[in-house]
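Trainee: Following this message is one structure expressed as structure tokens.
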Amino acid sequence: MPEPSISDLSFTSFVTNDDNLFEETFNFYTKLGFHATRSYVKDNRSDFELTGISTDSIKEIWLESFPLSEVVEASGGRELRKPLQESVGYESEALLGYSPYQSGGVVIKLRLSNHDLEKNNDLPGEVTFFTASIDKLKAKLIEIGAEIIPSKIDLVEFSTRDPMGDVISFSSYPSLNSKKITSPDFFLHPKKEVRSEESIVEQVKSEEGKKKIAIITSGGDAPGMNAAVRAVTRAGIFYGCKVYACYEGYTGLVKGGDMLKELQWQDVRGLLSIGGTIIGTARCKEFRERWGRLQACYNMVSNGIDALVVCGGDGSLTGADLFRKEWPELIKELLGEDKITKEQYETHRNLTIVGLVGSIDNDMCGTDSTIGAYSSLERIIELVDYIDATAASHSRAFVVEVMGRHCGWLGLMSGIATGADYIFIPERPPSESNWKDDLKKVCLRHREKGRRKTTVIVAEGAIDDQLNPITSEEVKDVLVEIGLDTRITRLGHVQRGGAPCAFDRFLATVQGVDAVRAVLESTPAIPSPVISILENKIVRQPLVESVAQTKTVSAAIEAKDFDKALQLRDQEFATSYENFLSVSKYDDGSYLVPESSRLNIAIIHVGAPTSALNPATRVATLNSLAKGHRVFAIRNGFAGLIRHGAVRELNWIDVEDWHNTGGSEIGTNRSLPSDDMGTVAYYFQQYKFDGLIIIGGFEAFTALYELDAARAQYPIFNIPMCCLPATVSNNVPGTEYSLGSDTCLNTLSGYCDAVKQSASASRRRTFVVEVQGGYSGYLASYAGLITGALAVYTPENPINLQTVQEDIELLTRTYEEDDGKNRSGKIFIHNEKASKVYTTDLIAAIIGEAGKGRFESRTAVPGHVQQGKSPSSIDRVNACRLAIKCCNFIEDANFQVKHNANLSADERHLRFFYDDGVKTSAVSGKSSVIDDNTSVVIGIQGSEVTFTPVKQLWENETHHKWRKGKNVHWEQLNIVSDLLSGRLSIRTT
């Protein structure tokens, strides 16, 4: 049967004014396998029948060659066509004909016209059709006496003429860019397609010509390295490469043999939750010598490897780049010594190097984060939280020493996240002459305010401004001098241990996949790249430049140019240091603003509880108190304000230990101000609020919009108001990150690790894990990526029967390949709102039924456990960053009003004035108070902090029914997850 035109026409018309020729042509095409789907006669018509009919037609017959799609065997040996949506490779109706396993069909319109027609026999009409049975079609044409015209075009087999004289050509190529198809089984039975001997030979040749990549983990180990090994291995296999593990770092390259081993898909299963690196790491002295690199070159060429993905610190990456520079000389030397053949020399004369930065210190320039850094930070805050309990019990001081010989990132971030009193980091060394006195003042002041514990963080590379080391013992002695019972805790290599946190699993995975792409896209002219993350985007930076800039930091410190050293760190480092000072040191009264500029700032929690509400409230309070502002907590949400006027002023001692406290200390619920807007306005006026920070999820976003919309009726709402998104669902428009979502992901990763362990122990059990998120698939997509789920179901990607069938096929295949081995636990991630039909229980039941004893299924619903207990390090650090930004926003907006000499006292209070009868904002000077951009949602877009007017978000970027933003910024996570689980391979094959 002829199939769709490779000329990309949706239909073609053949016209005649001869009734007999019209019938003859109709019979010709029906003999070729076309079917009549519509007929029209002018004398018998209705308005409906005129749709698509030419005005000059007396008769029309529409002939169609139906799309070829998969068939299945039914009872009695009959074959039934599968629904197109369930066929192999189906994408959508819009893409029909572009999928390799479906064709779009074609329509021929035969028209009998009432006009005189002149046929140009020298330039006849011509169209080309695809057929998967070219020989059968040719035989059929000969049988009916049609003319066979040899073709002069490569893609066209032959042509013929229909009774109207139009040239009809036939091809075995579905499109101009596709491969030749000579069997209908390609469409009807995709799994039964018969492979020719030529295709088998081609495959063998392609096996020999596959790119071979080696993955190395070198230098100090870091949590997340195993995730990188898994990602590089599976992405390499997916893209048609062979991937080798180089064991024990560069030692494996030098020694070769069994220390260079090819990795298969199943070799890297279950690695996401394992800390360290299973392929080992070591510092190799031999590789530092030229003879060692020569031997490494020989071992690589002998195995056909000419690409290296190196995961390590700046030393490991420097060695890799040197190896690439020397490679042409090394391989030429091997050829001269007859250790390799001329063919090997020509094939592998260029080496490709791609770097992944694995370092807990986060000391590499050109990237916002390195693999392992946040896991190490997570370990530090977990241990310091434990220390806090005993320190408070005994009213002790603890000096905690953390890693960071040349970089103070761990020291700075752990200081913020643990509520430390003081930190020592190399980029901001204290004065040699007075650091001891300064330390005493800060710690004594905090004690006088009622604090029972003292925490001082010391980076192992801490120095004073004269480059003298500051040791933990020295710090202890200073604290003992002021009468504090002091202990020293050196965390040491505990910081490297344990399972990687959610962010490091994500980072190592997406960077590992991009590393393989970088290898395949590399040319000898492209400098060796290092895969980095900047502004929340995966980018490639020149390896040499990144390493050189990193070494510049150490040089700047040695030259006592500490400002330059600080600038060379990532863009948030200096800001974070200032944030730490604002909540720990600036409470000494040195940063008080004039009384006329002091504000009353209200904070309210709205929506479901998350683990980061308290840390954000703590920072906003401490930062504001340090400047002389008053901070009021609205207790129990808007319901508490409306019913009881529940407002409480917060003091320093009230919030100082909220840095590691989950839930909400001031209470939260889903009530909205619209429940009684007048009462809300009354209490705002009573307490003379100058600004409002609403911390919460979609309800907080809605509350801000309602307050903004009520400004025309209640002038008190003209105060600057800011919504700080805090929800596990991460569904607030205007931001790519919400406080609490990282804690939730860490909780989910631990939960799923435990579930997978149970599944692995049972050998033949699969768990379907239901996660929260509402109609936002962010949580499910992210969790699926970091837990290695076989399949992820989200509201953004509707589930159908074909999807479930593919996933069960993948599950069955995976069980067959695992053969009951360890680390073979399998999970599916299902968003709670992914489908009304394909629920978590139904998916589990379908899996269990499909298993037929080979495997079984269970459901696992973590429920509100996902909210987490203690906030994660990322949530604590970002709570500090965003809360201070909110305070600054409120201060700036008030400054413009309170210091405007042209406004009267009443106009300053109302925050608007009338200009020639037009109501005008005192903040923006615009003619509409509602549009003065002082009701905003703070968000993180990439790495940039943004303030977006709530009205703009509500009207343009919000799905109100689904309670989320329109921007699905996490879609790429699903693609990477499907690639590494094998799901994408099922769909492409």
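Glycine residues also receive a Cβ, built from the backbone N, Cα and C atoms like all the rest.
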Trainee: Based on Swiss-Prot, name the residue from GLY220, GLY404, GLY408, GLY411 that is recorded for the same ATP site as ARG283, CYS284, GLY313, ASP314, GLY315, SER316.
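Mentor: Site partner of ARG283, CYS284, GLY313, ASP314, GLY315, SER316 for ATP, according to Swiss-Prot: GLY220.
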Trainee: Name the one residue among GLU448, GLU460, GLU535 that Swiss-Prot lists for the same beta-D-fructose 6-phosphate 1 site as SER359, ILE360, ASP361, MET403, GLY404, ARG405, HIS493, VAL494, GLN495, ARG496.
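Mentor: Within the candidate list, Swiss-Prot flags GLU460.
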Trainee: Please state whether DSSP places ARG858 (beta-D-fructose 2,6-bisphosphate 2 binding site) in a helix, a strand or coil.
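Mentor: Its secondary structure by DSSP: strand.
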Trainee: Distance check, please: Cα of ARG670 (beta-D-fructose 2,6-bisphosphate 1 binding site) against Cα of ASP314 (ATP binding site), rounded to an integer number of angstrom.
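Mentor: Pair distance, Cα basis, whole Å: 49 Å.
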Trainee: Can you grab the distance from HIS864 (beta-D-fructose 2,6-bisphosphate 1 binding site) over to ARG765 (beta-D-fructose 2,6-bisphosphate 2 binding site)? Cα atoms, rounded to a whole Å.
Mentor: 24
Trainee: Between 0 and 100, where does the mean pLDDT of the region 'C-terminal regulatory PFK domain 2' (600-989) sit?
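Mentor: On average, pLDDT over the region 'C-terminal regulatory PFK domain 2' (600-989) sits at 91.
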Trainee: Measure from the Cα of ASP314 (ATP binding site) to the Cα of every one of the binding-site residues ARG765, GLN772, GLY774, ARG858, then give the nearest.
Mentor: GLN772
Trainee: Round to a whole number and give the Cα-to-Cα distance in Å for the pair GLY220 (ATP binding site) and SER359 (beta-D-fructose 6-phosphate 1 binding site).
Mentor: 7
Trainee: So among GLY404, GLU460, GLN772, GLY774, ARG963, all listed as binding-site residues, which is physically nearest to GLY315 (ATP binding site)? Use the C-alpha atoms.
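Mentor: Smallest Cα separation from GLY315 (ATP binding site) among GLY404, GLU460, GLN772, GLY774, ARG963: GLY404.
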Trainee: Enumerate the residues of the same chain, GLY220, ARG283, CYS284, GLY313, ASP314, GLY315, SER316 excluded, that satisfy the criterion Cβ within 8 A of the mean position of the Cβ atoms of the recorded ATP site; list them in sequence order.
Mentor: SER218, GLY219, GLY249, GLY312, GLY319
Trainee: What does DSSP assign GLY313 (ATP binding site), in three states?
Mentor: coil
Trainee: Of all the recorded positions given, namely ARG283, SER316, ASP361, GLU460, which is spatially nearest to VAL728 (beta-D-fructose 2,6-bisphosphate 1 binding site) at the Cα level?
Mentor: ASP361
Trainee: State the Cα to Cα distance, in Å, between ARG283 (ATP binding site) and SER359 (beta-D-fructose 6-phosphate 1 binding site), rounded to an integer.
Mentor: 14
